[in-house]
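Supplied in structure tokens, the structure appears directly below.
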């Protein structure tokens with residue numbers, strides 16, 4: 001009795017699925033009779049609904065899942081994610097409605113696997129219904145074979161030149177390889193194929209290069225201000241060194257005059273000069289201990305320049321922390337753009353993105369011990 005009941009339920013489920021499929025097909029037939037207002041052929045005529053161009057070939061749309069006459073696009077976002085625009089209709093939507101012609105947007109990270117993208121697409125389309133079984137359709141990702149593209153760059157792309165990629169592949173690796181063919185194909189089981197245009201190097205790095213331009217303009221402005229302050233600071237240190245030499249010369253002249261032209265004589269001036277020299281050494285040694293610096297003229301000169309720089313930075317409105325943050329951000333952006341250029345096998349010209357010689361010199365400069373000492377002097 002239970003076996004017969006199960007068979008009757010399975011039969012009823014099959015009939016219901018066939019009826020639902022018939023209703024959907026009738027809706028698709030009505031939609032195929034409608035023109036696509038936002039798409040035109042080269043001669044200005046409207047293409048028929050049941051055909052769309054995919055990778056240079058016409059594929060018939062059996063289920064009406066894909067929007068006709070449209071290809072998918074993969075674009076970059078300011079948040080460094082990838083946005084996939086897929087011409088798919090929402091689940092259980094009316095194909096004749098205008099809202100059904102809106103493409104589906106999916107945000108993915110380059111380090112996520114293709115299986116994640118597969119789950120996102122499966123969640124937006126109706127499952128495959130069979131007697132007693134309901135499952136999501138299989139999604140396959142195909143890309144043109146780069147070896148054949150390299151050997152025949154002018155040869156038209158054909159279907160047998162596509163390579164199926166594993167679902168465990170990262171999206172970034174897949175896009176990098178598919179960029180050589182400028183497109184890849186998404187095959188939906190029982191629903192046909194979708195062609196997706198891969199972004200070029202300019203499209204992929206558009207937001208990165210725009211941000212680098214803004215950072216470069218700010219770095220160029222601050223570098224001019226910093227150079228002006230540094231020049232004044234070094235000139236002040238040189239003037240201080242010349243002043244120190246003048247003081248020593250005056251001391252020597254005073255000792256010479258008091259020794260040979262007064263009644264004090266050498267007997268008095270000898271202990272005075274000895275004690276004055278020893279006192280100077282002790283005070284200098286104490287100064288180096290207090291400032292925790294190496295006992296050298298270079299250390300004194302650097303400390304003098306640093307102190308003067310800090311005062312000039314404050315007067316001119318130069319923020320050293322903001323300057324270092326800009327350098328770090330510029331280096332990070334340039335490194336990321338160069339990484340994408342290596343993926344696309346492109347020689348990136350920085351000068352076209354307003355990265356001048358002054359900015360390149362600032363970004364190429366390595367952070368050394370002097371930067372750390374400048375921060376310590378400012379904290380003191």
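Every residue gets a Cβ built from N, Cα and C, even glycine.
In TrEMBL, annotation is done automatically, which means it is predicted and not curated.
As listed in TrEMBL for this protein:
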{"type": "COMPBIAS", "residues": "1-16", "note": "compositional bias 'Basic and acidic residues'"}
{"type": "COMPBIAS", "residues": "359-372", "note": "compositional bias 'Basic and acidic residues'"}
{"type": "DOMAIN", "residues": "204-326", "note": "domain 'Calcium uniporter protein C-terminal'"}
{"type": "REGION", "residues": "1-20", "note": "region 'Disordered'"}
{"type": "REGION", "residues": "359-380", "note": "region 'Disordered'"}
{"type": "TRANSMEM", "residues": "240-260", "note": "transmembrane segment"}
{"type": "TRANSMEM", "residues": "272-290", "note": "transmembrane segment"}
Could you give me three numbers for the domain 'Calcium uniporter protein C-terminal' (204-326), the DSSP helix, strand and coil residue counts?
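Helix, strand and coil residues of the domain 'Calcium uniporter protein C-terminal' (204-326) number 110 helix, 0 strand, 13 coil.
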Calculate the per-residue pLDDT averaged over the domain 'Calcium uniporter protein C-terminal' (204-326) and state the result as an integer.
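The average pLDDT of the model in the domain 'Calcium uniporter protein C-terminal' (204-326) works out to 87.
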